[in-house]
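Engineer: For reference, the structure I am asking about is given below.
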Amino acid sequence: MSASNITLTHPTAFLLVGIPGLEHLHIWISIPFCLAYTLALLGNCTLLLIIQADAALHEPMYLFLAMLAAIDLVLSSSALPKMLAIFWFRDREINFFACLAQMFFLHSFSIMESAVLLAMAFDRYVAICKPLHYTKVLTGSLITKIGMAAVARAVTLMTPLPFLLRCFHYCRGPVIAHCYCEHMAVVRLACGDTSFNNIYGIAVAMFIVVLDLLLVILSYIFILQAVLLLASQEARYKAFGTCVSHIGAILAFYTTVVISSVMHRVARHAAPHVHILLANFYLLFPPMVNPIIYGVKTKQIRESILGVFPRKDM
């Protein structure tokens, strides 16, 4: 063995298994995965193009939606191309530093998505509870600051992880029992004391999910109070109708996060592929359904999409 290999504390590459125990079904599993990824790409790119092209959609709600679409594109594209390469071509190898980069992007953009969903809840709160101050509160400057804060929080919380993982000696082999480089899946291969990584990873996840979800719920408590005080049922229906798309996006994101986290800790003796499939569902489902939710439930988006197709006079 050469001297350069002896000094390495980490392998030059990892091997991603895919879905443990279901390797013989990879080609079939790839079909819904590929379909979901294609829908995510088409849907989110369409949202971005329409919001950019239509000046009437350059409002706070749609600017936050554009942020969400961009995040969903990066989030799904960070894992799905490599995942499909595993399923189709058995291309399981991933460079050590590419693995760390993938892990950083996946976890960072998940945190950014949570922040943007919280910002969208704040947008709905101001629109319904303080409608006369909406344009004064949600200025372009504030929206930019919110976007920068979402990025800064995610990068600050996730930057330590790649550096911590570089310090470990990986004596348990290079095989990761996963479809992508998830933090805890990589930590399991490391020797030595990994307790700080374990605690830090869980603490960050709990902090983000609990804090953001509580603030979202609090926003909707105030929104519900304001809606119930409206004079007519039609006004109440119209006001709350503007929140339906956001509630759908919230449920799509947090439900999958919570189910995946609970199953990972409660059903520890479940087959490995159950946890991996749930983790993939969390990665695929929100980016796929968010454009559909907003396209169907938001009149301005729906009209902009239909306006792309020329109508023939009868």
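Placed from the backbone N, Cα and C atoms, the Cβ positions cover glycine too.
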Engineer: In Swiss-Prot, is the topological domain of Ile27 the same as that of Ser304, meaning both on one side of the membrane?
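Structural biologist: Membrane side for Ile27 and Ser304, as annotated in Swiss-Prot: different.
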Engineer: Are there any residues at least 6 positions away along the chain from Cys191 (disulfide bond) with a Cβ closer than 8 Å to its Cβ? List them or say none.
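Structural biologist: Same-chain residues close to Cys191 (disulfide bond) (Cβ under 8 Å, separated by 6 or more) are Phe168, His169, Tyr170, Cys171, Arg172.
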Engineer: Under 8 angstroms, Cβ to Cβ: which one of 102-122, 199-219, 276-296 has the largest number of such pairs with the transmembrane segment (28-48)?
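Structural biologist: By Cβ pairs under 8 Å, 276-296 leads among 102-122, 199-219, 276-296.
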Engineer: Residue counts in helix (H, G, I), strand (E, B) and coil for the topological domain 'Cytoplasmic' (220-239), per DSSP?
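Structural biologist: Per-class counts: 16 helix, 0 strand, 4 coil.
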Engineer: Can at least 3 Cβ pairs under 8 A be found between the transmembrane segment (57-77) and the transmembrane segment (199-219), with each pair 6 or more apart in sequence?
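Structural biologist: Counting Cβ pairs under 8 Å (6 or more apart in sequence), the transmembrane segment (57-77) does not reach the transmembrane segment (199-219), since there are fewer than 3.
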Engineer: Count the other Cβ atoms sitting within 10 Å of the Cβ of Cys99 (disulfide bond), across every protein chain shown.
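Structural biologist: Step by step: centre on the Cβ of Cys99 (disulfide bond), count other Cβ atoms within 10 Å, giving 25.
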Engineer: Apart from its near flanks, which chain residues at least 6 from the ends of the transmembrane segment (102-122) lie with a Cβ under 8 angstroms of it?
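Structural biologist: Residues 61, 64-65, 67-68, 71-72, 74-75, 78-79, 82, 94, 146-147, 149-151, 153-155, 157-159, 161-162, 165, 180-183, 186, 204, 208-209, 212, 215-216, 219-220, 246, 249-250, 253-254, 257, 283, 286.
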